[in-house]
Structures are given as C-alpha cells and as structure tokens.
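Peer 1: The disulfide bond annotation in Swiss-Prot covers C31-C78, C33-C68, C61-C79 and is backed by similarity to another entry. According to Swiss-Prot, the signal peptide annotation covers 1-19, on the basis of sequence analysis.
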Amino acid sequence: MNRLMILVFAAVILALASADDVDIAKRGVPCLCVSDGPRPRGNNLSGTIWMKTGGYGGNGCPKGWHFCGKSRGLLSDCCKQ
C-alpha cells in the first residue's frame, strides 16, 4: 500500500506543468475554477493544479497566473493563466 501511494504521488508530481514549458496551457492536471460554474456533464476544467513551492509565494501560483479555485489546498492550488 505504501509503495502504491508513493507511485501515485510521483505520477502526480511528474504530470504537473513547469512554469518554463512552452506548451504550458496544454500540460498539467486540470482543476475546477469558480468561473467554470457547477460541474454538469460536458463542462470543461479550465484551471491547472500547481504545487506550492517557495518560489511562487503564498498563493502557489507562478508569475502570470492567478488563483481561481473555491478553496486553497494544503499542498497545491488551482490556478489559471
């Protein structure tokens, strides 16, 4: 069970977008922004999950991005460019 949790966590970390990537809008783990409204079928997720790191400040979003989620996560935030 512990190995499975480590593998899942590693997969999430590797799937997250990097702020230096050229195709940043096409990569990362999607999340629900407030502007997306309620989530009926067919509604798109327009945000991207960013892990909170020291370089991004308190909101967890990189430069040029803003927080768009309903609530802040412990280790990550939903951000939109």
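A Cβ is built for glycine as well, from the same backbone N, Cα and C atoms used for every other residue.
Describe the structural context of each listed feature in the structure shown, including burial, neighbouring residues and relevant distances.
Peer 2: Counting only same-chain residues six or more apart in sequence, the Cβ atoms lying under 8 angstroms from the Cβ of C31 (disulfide bond) belong to L45, G47, T48, I49, G69, C78. C31 (disulfide bond) falls within a strand when secondary structure is assigned with DSSP.
In the shown protein chains, 20 other C-beta atoms lie within 10 A of the C-beta of C33 (disulfide bond).
Spatially close to C61 (disulfide bond) yet at least six residues away along the chain are W50, F67, D77, C79, judged by Cβ distances under 8 angstroms. C61 (disulfide bond) falls outside any helix or strand according to DSSP and counts as coil.
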